[in-house]
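S.K.: Copying in the features that TrEMBL gives for the protein in this structure:
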BINDING   HIS143, ARG144, LYS159, LYS166, LYS167, GLU168  substrate binding site
Amino acid sequence: MSSLEISSSCFNQETKLPLSLPLVEGSTFEAPGKDMNEVEEKSKDVIKFTPEKLSVDEASQLVTSPLCGAISLFVGTTRNNFEGKKVISLEYEAYLPMAENEIRKICSDIRQKWPVKHIAVFHRLGLVPVTEASVIIAVSSAHRAASLEAVSYAIDALKARVPIWKKEIYEESSSSWKRNKECFWATSD
């Protein structure tokens, strides 16, 4: 079983879902008289939506475990172009209750498919300038194959299932809302 923290802060409003459990720093259980090699560590899933700049270091630290030899990361950043237009930033919106629930399901799916220890999924809301991270996914596991496959699955599933909307803001003062082509609810053009 995994502990779960869901932190949704959108424009300085902090929202906690009633079913969320607080993340306790150093959330390990150590039996008295046991050394570090015998530590039982509870798995955790950390989900965060925020208008603040995302930190790769924070995500990596949250999934670090002495039981794991691999941490895999996916970092999605704002690029400066799309179909010949110069992009100056992206703007993200999400329906938070559903988005958080879908990410919890994705974490559960990952745990059914691969032997992973910790999962962190961060997504930025609001404006995200060029080169800054919009999404960070971090997964730890004993061996690299599980964490690499889990991270790849997580970003594909997030883009397909999670209600997050992206607006591209172009240099010529125009903008365009984009849908993820992977979204299951998207219709064919």
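Just so you know, glycine gets a Cβ as well, placed from its N, Cα and C.
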S.K.: Would you count the other CB atoms within 10 A of the CB of LYS167 (substrate binding site), including those on all shown protein chains?
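M.R.: Step by step: centre on the Cβ of LYS167 (substrate binding site), count other Cβ atoms within 10 Å, giving 14.
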S.K.: With the cut-off set at 10 Å between Cβ atoms, which of these binding-site residues ends up with the most neighbours? Options: HIS143, ARG144, LYS159.
M.R.: LYS159
S.K.: CB neighbours of LYS166 (substrate binding site) within 10 A?
M.R.: 18
S.K.: Validating a neighbour-count step here. Other CB atoms within 10 A of the CB of GLU168 (substrate binding site): how many?
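M.R.: Excluding its own Cβ, the number within 10 Å is 20.
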